[in-house]
Structure formats: C-alpha cells, structure tokens
Ligand SMILES: [Zn+2]
C-alpha cells in the first residue's frame, strides 16, 4: 500500500505566526521545522505499523525545503524544492491508496482561522459557487485519480471547514484558533501521538473512505481581494472577466483548474 502525504506547516502544533513559517534562519523557524518533522514522522510510523509499504511526502510549504530528511525511515521518499509545475500533487497518481493532508489551514479570509489563505491571502477561489481552500482543491485533485483523502490535521476551524466537503475523512485538531495569529495549542508531543493513532485508524478503514468526485466541465471563480490584481488576472488565457472584478474559468479537469489556481497565485505574488 502506498500513501501520499501533503505536508504543510501552518496547521501544525504551536504555529500561530508568519514568523515561524517564513523560512528564515530564526530560532522560531527551526523550532517549527523540528515539530513539522516530528508530526510527519508520527504519521509515517503509524501508517507503516498499519500496513503502509511506501510513503511519498510532498514538502509543500513555501520553498519546499523544510523537513529534516535523515529522521525518516527508509520506506519514505520526499518531494522537495520549489517551482514545481504541479506543486501540490507532483507524482500523485492512481497507484496511491490514500492522501493525507497534514498541517492544513483555513481558506482565504476565514474568520479566526490561524494564518488562513488559499495559496495567496489576496485571492478567494470558488468551485461551482462553493468556497474552496487548498485542502479542498488537493482532495478533489486526488479524487480525480480515485485516491481518497483519509486524514487531515490543522486548527479546529480547518477541520470544521473540511468536514463539509470531506465528511468521511478523519480529522485531527492540533489547536483551537482564538484569532488569525493566536490559538490554544495542544502539547506538541500530544499532537504527534494523536496523529499516530488516527492514521492507524484511517489506514485500517481506507476502503470505506470515498474519494470526492466532481464532473467536468468545472466552474472556477477567482475573486481578488485587491483591485490591483484585476489587470494581472486578465492576462490568463480562457479566464473570463465578470462584472464586479471576479473571474471565471471553465476547466475540463481538476488538473486544469489547479494549474489556473497556481498561475493566478504566482501573478498575484509580490515580486513577480
Ligand atoms: Zn504553508
């Protein structure tokens, strides 16, 4: 059995501030990297105990060079580095039995979600009129390849958002948001323990978890929260400008939709 882990940092134990995850050389970043590695390791250990034979981890946060590799067992491989064409789902195909979304966070502009954003904090995305975040898009991408999302971890608001679109996915709450940069946090070792227990349960009931299904053509709406982005987004081919500053894209697959999401994100990132 092969598992795929998309590992992000905003939703891990204790992280509440951009200073902890922005990738510099600070003690805060190092502390977060250590806990990040501990949590991914706990998921790997639990999954292997429950029968996983191969695990691919996508170091998904920022520049993609956060995990401390030599701490992992030999069944594990890590996709790392930046500017990957299909950032969230490189090498994810139907040979995988399940997807794990670790350290996930709420959608752009979620009230009280810790460090909420959907690739960019300045863009909101909707599919068929429903707000979607990174975890929704990743679960739908995996679903298109018939891979179920078996577990998600993050703050309580993330798990609450995920429960609507991914009702049979097991959720692990790592902290309770008390603001966009504040939370009541579980002990880091307690989070690792919970992750290990829940992934064992998830792997054992993997056949009962349905992959989310979506039928193309898929309508994606992009809503910029900053009017300065409106000109830039109109550069993308097949993206139609709507009255009021929103944009519509009709995709033939989730992969096409995800590519437009990444393109829009890159165009809206300062410095590009
Ligand atoms: Zn991140």
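Placed from the backbone N, Cα and C atoms, the Cβ positions cover glycine too.
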In TrEMBL, 61, 105, 134 are given as binding Zn(2+) 2, so which of 8, 90, 156, 207 is in that site too?
8
I need the neighbours of the Zn(2+) 2 site defined by 8, 61, 105, 134. Which other residues of that chain put their C-beta within 8 angstroms of the C-beta centroid, in sequence order?
6, 9, 10, 11, 60, 103, 104, 135
Cβ-Cβ neighbours of residue 10 (Zn(2+) 1 binding site) (radius 10 Å):
24
Using the alpha carbons only, what distance in Å do you get between residue 8 (Zn(2+) 2 binding site) and residue 117 (active site, nucleophile) once rounded?
12
Going by DSSP, give the three-state secondary structure for residue 105 (Zn(2+) 2 binding site).
coil
Calculate the distance in Å between the alpha carbons (Cα) of residue 134 (Zn(2+) 2 binding site) and residue 117 (active site, nucleophile), and round it to a whole number.
8
